[in-house]
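Participant: Before I ask anything, let me first share the structure, which is written out below as structure tokens.
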Amino acid sequence: MLHVLSVGPSHAAFTVEAAMATMKKFHSIVGEKPAQDAEAPSVDDPNVGQIRADDKEAAHAPANAETNNEEANPSDGAQAGVKKIEAVTLSWTRGTAIWFLTLVNDFRLSMYTSLNAYATSSFLGHSLLTVINIVSYVMGGSVYIPMAKALDLWGRAEGFLLMTFFCILGLILLASSQNLPTYCAGQVFYKVGFGGLSYTWNVLAADVTNLRNRGLAFAFTSSPALISAFAGSKAASDLLAHSTWRWGFGMWAIILPVVALPIYGLLAYHLRQAEKKGVLVKETRDWSITPKTVWWAIMEFDLPGVLLFAGGFVIFLLPFTLAATAPHGYQTDYIIAMITLGLALIIAFGFYEMLVAPVPFLNYKFLIDRTVLGACLLDMTYQVSYYCYASYLPSFLQVVYELDVATAGYVTNTFSVVSFVFLFFAGWLIRWTGRFKWILWVCVPLYIFGLGLMIHFRQPGGYIGYIVMCEIFFSVAGSVFILCVQLAVLASVDHQHVAAVLALLFVMGSIGGSIGSAICGAIWTSTFLSRLERNLPASAMPDLSLIYSSLPTQLSYPVGSATRTAIVEAYGYAQARMLIAGTAFMVLGFIWVGMMRNLNVKNMTQTKGNVV
């Protein structure tokens, strides 16, 4: 175990050094935009969105002005969190900007992907993977809008620290859980925390980069995945062999504060520097806990809307996964009650937001912009499609293709490795052309093509190389989706609304992930179990429930035995139907891309200070 734990820091150090060196080269090529040389937007561009044109018109100044007092100070009228990050970027140096943009950690995600199936199996909950995903994704999605308001009102540093706390709490619960409900609760805090960190990181990336360079910035923040995708899978394998899956979560409760607190310190330090330089005037606000401030917080963060949103989607989606194992299927009384109540809560959420909420959960100004709406729907559709088949992929590779944990992790993490290369390539194309919509027209059919091939190849007896080939197709298209939908929503708003519009995008993605997990769970429970019942030999029937609920039990049967062959056949039958569902949903992507305007981000600017 000591050997395994020593893997992380060495790889992390190498990753940071390599990423910093790469970013230095990036700066030497791209250059750093001085505070006084902000790029001017193209006022003649007919594709400029209505939201952006209305909000940014007064903020734009000529690029060739010798002095620009507006660029020297944060935006007037901006919220406190926006003013703080603009002040930070106006005061920090090139070295800290490089350091900040390269400090990323993907190691824990690689380990989590490999360990999750074993953790749930220890509670006989392997078949409930999608149930846990539904709850955690919906709860994670419900915090993005309040998180956006917190980032704008309080600051990026404070939001980052809060999400770090949730991460650590979730990791502790996961590592110490003794039953499935505790593990599920840990998953909720884990997804809320790391989802919030990811969201905060994306907001910070938007804060310190211009739109034309944002693709390159995202590519460089993905560079550590070249190391963590392999090292994380290997570390997870060694933990399972020599220790326990619990250390795969527990170690991060120790490591994460060491990695995260310097980022908070960096932001807080430069905020103080900005205050000393007079770039930011410190604002005072009474945060004492009184009935008035509590009521203000409830309304400002729309907690009733959050509860209706989270409760409605969780209660509505769970029955589709649970129905197959209910006594009377969809005719079971509690299944009917959950679907009815969940749908009622979702409808109530819509009416509450339109008619009652003083500060709505969703900003309807964004939803009437066709580019923002198209990008959000494309992201949601992509997440639905992906999670239709992804939840049981690591288990499938180990049971059907007889891969060990590390090798299965390498295949599963193909996305992380390939995305860096193609994000960099797509980033350069966007920087050169200023356009991104045409790239989406290429990637949507590529993703569907990969899914179609996977329906054929992801079957028992196939060649693993074809699986990897299809994963590469997914990775190329999927990574570009993530980049382009972010560019689309960011290009449609000004800096004041960056956090809010990214929150909307993340919410739609979380809804898509939860819907995809519900579809995956419904297919799994209605096909995998029935095929086991049909094909298992009589000698294995007493262990049907254990086989269905535990990955180690499935792997315990020798390859070629009648029981293992029945399990393999059931996996292939279920996976094909999951992929068919994912392919069918992704066809909607053509409609959503068609909705988006062909924006040119080459001459747009949103940010101030030492940005790239």
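Backbone N, Cα and C define each Cβ position, glycine as well.
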Participant: Using Swiss-Prot as the source, do PHE107 and ARG272 end up on the same side of the membrane?
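Facilitator: That fails: Swiss-Prot puts them on different sides.
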Participant: Below 8 Å between Cβ atoms, which of the listed ranges 157-177, 303-323, 410-430, 576-596 makes the most pairs with the transmembrane segment (499-519)?
Facilitator: 303-323
Participant: Tally Cβ pairs under 8 Å between the transmembrane segment (216-236) and each listed stretch (335-355, 410-430, 464-484, 576-596), then give the stretch with the top tally.
Facilitator: 410-430
Participant: Sort out the residues at least 6 away from either end of the topological domain 'Extracellular' (457-463), same chain, that have Cβ-Cβ distances under 8 Å to it, and list them.
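Facilitator: For the topological domain 'Extracellular' (457-463), the sequence-distant neighbours (Cβ-Cβ under 8 Å, at least 6 residues beyond its ends) are 396, 400-401, 469-470, 568-569, 571-572, 575-576, 579.
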Participant: According to DSSP, how is the topological domain 'Extracellular' (178-187) divided among helix, strand and coil residues?
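Facilitator: Going by DSSP assignments, the topological domain 'Extracellular' (178-187) contains 8 helix, 0 strand, 2 coil.
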Participant: Taking a Cβ cut-off under 8 Å, which residues six or more beyond the ends of the transmembrane segment (410-430) line up next to it in the same chain?
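Facilitator: For the transmembrane segment (410-430), the list is 106, 109-110, 113-114, 212-220, 222-223, 225-226, 228-230, 232-233, 393-394, 397, 403, 436, 439, 464, 467-468, 471-472, 474-476, 478-480, 482-484, 487, 601.
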Participant: So what's the mean pLDDT when you look at the topological domain 'Extracellular' (178-187)?
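Facilitator: So the average pLDDT across the topological domain 'Extracellular' (178-187) works out to 91.
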Participant: Give the nonlocal contacts of the transmembrane segment (371-393) in its own chain as ranges (CB under 8 Å, at least six residues past its ends).
Facilitator: 49, 51, 117, 129-130, 133, 412, 440, 447, 451, 454, 474, 478, 481-482, 484-486, 488-489, 491-493, 501, 504-505, 508-517, 519-521, 523-524, 571, 574-575, 578-579, 581-583, 585-586, 588-589, 592-597, 599
Participant: By DSSP assignment, list the helix, strand and coil residue numbers for the topological domain 'Cytoplasmic' (356-370), in that order.
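Facilitator: Within the topological domain 'Cytoplasmic' (356-370) the tally stands at 5 helix, 0 strand, 10 coil.
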